[in-house]
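Trainee: So TrEMBL has the following annotated:
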type: DOMAIN; residues: 540-616; note: domain 'Smr'
type: REPEAT; residues: 107-141; note: repeat 'PPR'
type: REPEAT; residues: 142-176; note: repeat 'PPR'
type: REPEAT; residues: 177-211; note: repeat 'PPR'
type: REPEAT; residues: 212-246; note: repeat 'PPR'
type: REPEAT; residues: 247-281; note: repeat 'PPR'
type: REPEAT; residues: 282-316; note: repeat 'PPR'
Amino acid sequence: MTHIMQALKVMEDSDASLSLFRWAKRQPWYKPNDACYITLFDKLNQSRDFDGIQSVFDDMVLDSGENGASSLFNAYNRVIQYLAKAEKFEVAFCCFKKIQESGCIVDTGTYNSLITVFLNNGLPYKAFEIYENMEKAGCSLDASSYELMIPSLAKSGRLDAAFKLFQQMKVNNFRPGFGIYASLVDSMGKAGRLDTSLKVYTEMQCFGFRPSATMFVSLIESFVKAGKLETALRLWDEMKKSGFRPNYGLYTMIVESHAKSGKLDVAMSVFSDMEKAGFLPTPSTYSSLLEMHAASGQVDAAMKLYNSMTNAGLRPGLSTYTALLTLLAKKKLLDVSAKILLEMKAMGYSVDVNASDVLMVYIKDGSVDLALRWLRFMGSSAIRTNNFIIRQLFESCMKSGVYEQAKPLLETYVNSAAKVDLILYTSILAHLVRCQDENNERHLMSILSATRHKAHTFMCGLFTGPEQRKQPVLTFVREFFQGIDYELEEGASRYFVNVLLNYLVLMGQINRARCVWKVAYENKLFPKAIVFDQHIAWSLDVRNLSVGAALVAVVHTLHRFRKRMLYYGVVPRRIKLVTGPTLKIVVAQMLSSVESPFEVSKVVLRAPGDAVLDWFKKPIVQQFLLNEIPSRADILMHKLNILFPTSAPEIRSLSPPKPIFAGKAL
């Protein structure tokens, strides 16, 4: 075969060389030769005859099957390298698989050429497959393959493999290029591995590479997204010192991130630089700054940003308007709030909710005058609010004692088909109980009438005579309480009874009060108030009652105890009145006026049953329990101001009872 190989070397025509080789194969003296194949492949590669190379490769595979693939090691690898360099990656990979199947060793150059062609053609996963085979074979990458492989691994998310190759490259005395550093810094940063990214960035600078603008942007974005704003700001300063001009997106990100984290000084400084650089901030940038200034209570800065935003022709968002209006409301700048709200309305936004939110700020702050002014502004601007807020404002007016302004609010509430519940009615009645001014009493009675609640009809009927009611008081009270839905209004009914009994006691209407207590107890509004423990102990618990209710309950219950002891002969060992610390003094003072045997302890008045029985037999006690002692006699009424510090003076208990309705209310 020596003469054939020499002939192939001197022949210039690839077709002639291929013909000579095929003739030699047919001769009986032919023997496969590695050098001969290499010479032929060189000729075919020079003439770009890749079909010929593939054909000869197939012949070579057949020859290696007879004589062993290892004898043609160099020729096999030469074919793959030529095909890879010619971008024939499909054919090259097919030949590579055939070599592996034949058991031939693949050299480092072949692996590198295959990896390079796959990476250059956007097939990183094929390149990774080749690299895995390469590792198993104990081969290593060359410098150019490292430069391609590491960025490809990094971009595909295989960061551990990329960093391992990066370290391996340095161990093999190859110096990483800028592309490797840039890809690792970018990929590690985006993956949140900020320490590694910064370490590679620092190492790159030590090797004399200058960071690019893209690298700065990538690093800054990564640190901003991770919330590490101090490092991001340091890189920002480095970027500007390096002569790079931050882009629009980077300015926006730095401003918004610092604003949202509450670092308003830095945010405003960068924002000012952004405007000087000729960039127009986005609505979101303005909004983030404005909303954070609003949240920190900086009115002047927030208004300046708002005016700057609108002057630039930008449309504030709903959240921006909401934050600004809330701030202005908290600062009680009603006129400015009205101006902003009208501008918001002119922008096409629905302002009903925002206007109501401002109203709620005034209500919660207790600024009733401002709330009423704002409500008038809303009405003049055809802005509506909801019944819940009207009720809140009404209750706020009641607490502030602005009864004259409260009534129109209640009328608005009722006329808008809202229903006054028993709790609201009772709260108005509670104000009447505490009222000391006759003019205010008239307003409160008028407000009670405006509720149109059935409890008011009951109250009016309670203060009329039996001729007008056409039925006894007890029957009248029972009918009213039978009409209550206790599943829905049990708590409200209990509240109503407590306040009503306060009012009746103050008015000196003890009989009516006892009727109300009796019916309330019958309807189990206070189921655990009275306890009969046979012959051991009887008790009354008034801790959860109002003062008036407690006094009435004590008198009525002692009357029941007296009947049971005198008529049925049942005498318990002891009787307890559980008052708690608040009502203890009041109940004790009332009972001491008729020389009761009850001893006062911390929260209980107690007495032996026998002593109470003897006490019950006294005529004055019988009169007391039957309400025959005049209310002016300082037994029930005289000490009420101790219980009601803000209630009417004592003279009220001496005057005739006033009807709860005024004029034509009935």
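From the backbone N, Cα and C atoms, a Cβ is placed for every residue, glycine too.
Owing to the predicted nature of the structure, the values given are computational and were not obtained by experimental measurement.
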Trainee: What same-chain residues lie close to the repeat 'PPR' (177-211): Cβ under 8 Å, and 6 or more beyond its ends?
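Mentor: Contacts of the repeat 'PPR' (177-211) (Cβ under 8 Å, skipping residues fewer than 6 from its ends): 146-147, 150-151, 154-155, 157, 159, 162-163, 166, 169, 218-219, 221-223, 226, 228, 231, 238-239, 242.
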Trainee: From the DSSP assignment alone, can you count helix, strand and coil residues within the repeat 'PPR' (177-211)?
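Mentor: Counting residues per DSSP class in the repeat 'PPR' (177-211), I get 26 helix, 0 strand, 9 coil.
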Trainee: Taking all residues of the repeat 'PPR' (282-316) together, what is their mean pLDDT?
Mentor: 88
